[in-house]
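> This is the structure, below, for whatever I ask next.
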Amino acid sequence: MHAESTRYDVIVVGGGHAGVEAAAAAARVGARTALVTHRAETIGTMSCNPAIGGLGKGHLVREVDALDGLMARVADAAGIQFRLLNRRKGPAVRGPRTQADRALYARAMQAAVAETPGLTVIEGEADDLIVEAGRVAGAMLADGRRLAAGAVVITTGTFLRGLIHIGERQIPAGRVGEEPALGLARTLDRHGFRLGRLKTGTPPRLDGRTIDWTALEMQHADADPVPFSTLTERITTPQIACGITRTTQRVHDLIRENLHRSPMYSGGISSRGPRYCPSIEDKVVRFGDREGHQIFLEPEGLDDPTVYPNGISTALPEVVQAGIIAAIPGLERTRILRPGYAIEYDYVDPRELDATLQTKRLPGLFLAGQINGTTGYEEAAGQGLVAGLNAARLAGASELAVFDRAESYLGVMIDDLVTHGVSEPYRMFTSRSEYRLSLRVDNADERLTPRGAALGCVGSIRAAHFAASQGALSEARTRLDTLSLTPNEAAAHGLALNRDGLRRTAFQLLSYPEIGWDRLAAIWPDLAAVPPRIAERLQTDATYAVYLDRQQADITAFRRDEAVRLPASLDYGTIAGLSNEMRVKLDGVRPTTLGQAARIEGVTPAALTLLAAHARRGRTQATA
């Protein structure tokens with residue numbers, strides 16, 4: 001046993017997608033940071049599907065990038081099939097996504113961590129927290145090492161009392177071949193945190209050399225791949241195609257015949273899994289009338305024969321999995337390299353947190369990722385960045401940062417978690433935001449990079465790149481505002497406008513669906529020199545301009561309610577007229593603002609009026 005004690009400003013437990021962003025963010029702010037993980041070689045491991053981004057998720061990756069996080073740049077370096085989802089829909093709901101080479105991704109992430117000044121990787125298992133005077137003061141490792149710190153961030157993913165299920169077999173593990181985190185689960189239990197159980201699953205991995213690719217429909221990468229990071233000029237990694245197949249009636253019959261052997265239906269698992277990523281057993285039971293379910297065969301790397309069959313997550317016994325695979329077109333002779341499985345794990349009710357991701361119960365302790373009830377690499381990365389940033393600011397005695405719903409999907413996600421809690425793994429969608437016209441992938445840097453610079457987590461390279469980009473955008477916008485046409489002049493160029501005699505600027509012309517940048521460049525040739533990314537951004541701004549003006553009124557009202565602070569020590573029992581039901585609901589969340597109180601399910605307008613009056617009286621007394 002070791003008895004050494006080392007001092008850091010911030011300790012991050014876990015080297016997954018939340019952990020690396022937390023550690024890197026804390027170090028960027030200037031905190032002396034330790035990243036504690038079982039093995040350094042597993043940092044950045046993609047435990048489930050080899051992909052980054054998607055609908056809603058791509059927005060989070062862009063926001064992490066805007067705050068100088070790692071995920072976007074690493075995904076750009078490792079991406080092997082870039083596709084922009086929802087390309088035919090409006091810009092606000094488009095989602096960049098890429099398949100990633102699993103090995104390339106981990107190597108690139110490990111290199112990024114190694115190159116981060118002030119960040120030390122410590123191999124070991126965090127077994128307990130050091131608590132002094134009612135607040136976290138460090139972490140104890142299983143081998144006896146004592147790490148002192150001003151703040152600790154826990155990002156244990158599925159490791160917290162993790163239990164793998166394959167048919168009737170149960171294997172204690174955080175993921176295949178790795179031990180679960182039992183000590184920290186006991187620690188959180190001991191300190192009174194509300195813990196629950198969730199589950200997720202993964203499909204069997206296939207040997208791509210035994211797949212009949214000629215029998216499959218192929219899905220190719222975009223010809224013009226869109227990077228995640230604004231710092232990435234172009235994608236240089238070779239791009240590959242994925243195969244598409246479907247389940248068959250024979251597959252469905254096999255599943256129905258063996259449902260009693262699936263832990264989700266035998267009683268082996270009672271916890272809930274992700275609604276939007278159901279197992280193949282759930283799909284067959286819930287959508288029994290369908291003839292087949294789509295499966296995407298996603299290669300896990302350029303030099304790796306392993307294929308991830310996206311769409312058939314399962315925990316059925318291995319022999320049943322083999323039968324299922326053999327009954328799928330193109331996979332009749334395919335070899336399974338590793339069986340699919342379900343995994344149960346502990347999570348902390350996220351209503352135990354405030355909007356900074358610090359726990360209310362234990363100051364100095366921050367939580368991020370699946371431990372907060374979310375699912376997905378991108379959700380984890382976003383939380384990790386916010387938690388690491390705030391842990392560093394707490395250790396440095398600076399004011400903590402809150403990202404609100406009107407400025408970012410990060411704010412939407414965190415507010416959803418800490419206000420509503422979860423009953424199933426939380427996944428980000430654009431539909432979760434009431435301000436999604438403003439929260440687009442193309443303006444994430446404009447929304448968040450200046451904020452990140454003020455908070456100290458944006459480095460000089462990104463700051464300089466952002467300044468140059470904004471300068472070019474402003475110059476192009478000014479040029480559009482100085483160019484104009486009358487309806488008659490427009491008609492001479494083949495543009496049909498209302499003959500009202502009013503001049504319209506080039507920016508206003510862009511708001512017409514039939515007028516694109518190419519049409520304007522034909523009229524004013526110097527516009528052809530504007531970089532495509534800036535031209536596309538200005539076209540989007542013009543398209544949404546009238547709607548954004550209306551939305552700004554909603555945002556102003558939102559910010560007005562968010563400005564009404566509710567004291568952390570507020571005793572709801574002292575507010576006359578507040579019903580017992582309202583007191584219980586409010587006490588369960590302990591909202592920090594009137595706006596957050598309004599978002600608690602079941603809180604009535606009458607209760608909000610009483611809260612607002614109480615807050616006003618408190619301000620009056622404080623200034624008297």
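Backbone N, Cα and C define each Cβ position, glycine as well.
Pulled these features from Swiss-Prot for this protein:
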BINDING   Gly14, Gly15, Gly16, His17, Ala18, Gly19  FAD binding site
BINDING   273-287  NAD(+) binding site
> Comparing the binding-site residues Gly15, Gly273, which residue's C-beta has the most other C-beta atoms within 10 angstroms in this structure?
Gly15
> Of the binding-site residues Gly14, Gly15, Gly16, Gly19, which one has its Cα closest to the Cα of Ser279 (NAD(+) binding site)?
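Nearest candidate: Gly16.
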> Using CB atoms and a 10 A radius, I'd like the single residue among the binding-site residues Ala18, Cys277, Val285 with the highest neighbour count.
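The residue with the densest Cβ neighbourhood is Ala18.
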> For Arg275 (NAD(+) binding site), just give me the three-state DSSP call.
coil
> How long is the line from the C-alpha of Lys283 (NAD(+) binding site) to the C-alpha of His17 (FAD binding site), rounded to the nearest angstrom?
28
> By the DSSP assignment reduced to helix, strand and coil, which category contains Val285 (NAD(+) binding site)?
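Looking at the DSSP assignment, Val285 (NAD(+) binding site) belongs to a helix.
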> Does DSSP put Gly14 (FAD binding site) in a helix, in a strand, or in coil?
coil
> So around the FAD site, Gly14, Gly15, Gly16, His17, Ala18, Gly19 aside, which residues have their CB within 8 A of the centroid of those CB atoms?
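In sequence order, the nearby non-listed residues are Val12, Val20, Glu21, Ala22, Thr37, Ile43, Thr155, Gly157, Gly369, Ala380, Gly384.
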> Quick one: Cα separation, Gly15 (FAD binding site) versus Arg275 (NAD(+) binding site), in Å?
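Per the Cα atoms, Gly15 (FAD binding site) and Arg275 (NAD(+) binding site) stand 26 Å apart.
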> Identify, among the binding-site residues His17, Arg275, the residue whose Cβ has the fewest other Cβ atoms within 10 Å in this structure.
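With the binding-site residues His17, Arg275, fewest surrounding Cβ atoms within 10 Å: Arg275.
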> Whole-number Å only: compute the distance from the Cα of Gly273 (NAD(+) binding site) to the Cα of Gly14 (FAD binding site).
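A Cα-Cα distance of 22 Å.
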